[in-house]
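Listed in TrEMBL:
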BINDING   Gln40, Phe41, Arg42, Glu43, Lys44, Asn75, Ser113, Lys142  4-amino-2-methyl-5-(diphosphooxymethyl)pyrimidine binding site
BINDING   Asp76, Asp95  Mg(2+) binding site
DOMAIN    12-194  domain 'Thiamine phosphate synthase/TenI'
Amino acid sequence: MSFSIKQILRKYFIMGSQNCNRNPAEILEEAVKAGITAFQFREKGDGCLAGEAKLNLGKQLRAICQRADIPFIVNDDIELVDLLDADGIHVGQDDIPVESVRKLFPNKIVGLSVSNAKELAISPIDLVDYVGAGPIFDTTTKLDAKEAVGLEWITNLRREFTKLPIVGIGGITTENATSVIESGADGVSVISAITAAPDIKRAVTLL
Ligand code: 3NM
């Protein structure tokens, strides 16, 4: 697989079974066909799967990405990265420290969520391949999401880090995705804009 990080961030779909009101594998298949550029398996939050059930769903979703040559990234689960031979791992500020993640996976994609200047100040940006910036807009998908930081957060990050791959997250829709890119992000990461879309092909095309 060959890809540039900036390219794969363009339409970055994130999902776990808790986000789906129908078969997650079907949703991912449709999203892949519609043109997503990366996928993150994020089995987290109310009603999520654990243990064997999580692993089994992960295997299914991993296989879909493998067939389509779409990077498969695991959210905050070191064991699963190995078990599924994922292409990368995404962590938040309260998850496993980036320093440990980078040591464990020197050659995998490592992403980190950075929500504000305080978090940025304590983040080892030089160790990550990309940052997830947000929540840009209000979101109801993640119950413990921080306060929306707005497009200025993207503008600020881009001003400080001219080359850093940046993906916006949180409340991004087909209507506001362009504003995120125009503010300097390389891409948009979305959950509900795809999982809840009446027409996934249309949604991904418009992102
Ligand atoms: N992380 P939707 S916001 C998983 O700010 C996640 O770090 C966020 O879902 C962060 O696209 C979020 O439906 C939820 O708003 C994104």
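For all residues, glycine too, the Cβ spot is worked out from N, Cα and C.
Taking the features listed in TrEMBL, we show where each one sits on the structure.
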{"residue": "Gln40", "record": "4-amino-2-methyl-5-(diphosphooxymethyl)pyrimidine binding site", "DSSP (3 states)": "strand"}
{"residue": "Asn75", "record": "4-amino-2-methyl-5-(diphosphooxymethyl)pyrimidine binding site", "DSSP (3 states)": "strand"}
{"residue": "Asp95", "record": "Mg(2+) binding site", "DSSP (3 states)": "coil"}
{"residue": "Ser113", "record": "4-amino-2-methyl-5-(diphosphooxymethyl)pyrimidine binding site", "DSSP (3 states)": "strand"}
{"residue": "Lys142", "record": "4-amino-2-methyl-5-(diphosphooxymethyl)pyrimidine binding site", "DSSP (3 states)": "coil"}
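Contact annotation for binding-site residues (Gln40, Asp76, Ser113, Lys142) versus ligand 1: Ser113, Lys142, each with CB under 6 Å from a ligand atom. Note: the Cα of Arg42 (4-amino-2-methyl-5-(diphosphooxymethyl)pyrimidine binding site) and the Cα of Asp76 (Mg(2+) binding site) are spaced 8 Å from each other.
Remark: Asp95 (Mg(2+) binding site) has Asp76 as non-local neighbours, by Cβ distance under 8 Å and separation of at least 6 in sequence. When pLDDT is averaged over the domain 'Thiamine phosphate synthase/TenI' (12-194), the result is 97. The most crowded of the binding-site residues listed here (Arg42, Lys44) is Arg42, judged by how many other CB atoms sit within 10 Å of its own CB. Listed in sequence order, the residues of the same chain lying 6 or more apart from Phe41 (4-amino-2-methyl-5-(diphosphooxymethyl)pyrimidine binding site) and placing their CB within less than 8 Å of its CB are Met15, Gly16, Leu57, Gly58, Leu61, Arg62, Phe72, Ile73, Val74, Asn75, Leu80, Leu84, Ala86.
Largest Cα-Cα distance over the residues recorded as binding 4-amino-2-methyl-5-(diphosphooxymethyl)pyrimidine, namely Gln40, Phe41, Arg42, Glu43, Lys44, Asn75, Ser113, Lys142, equals 16 Å.
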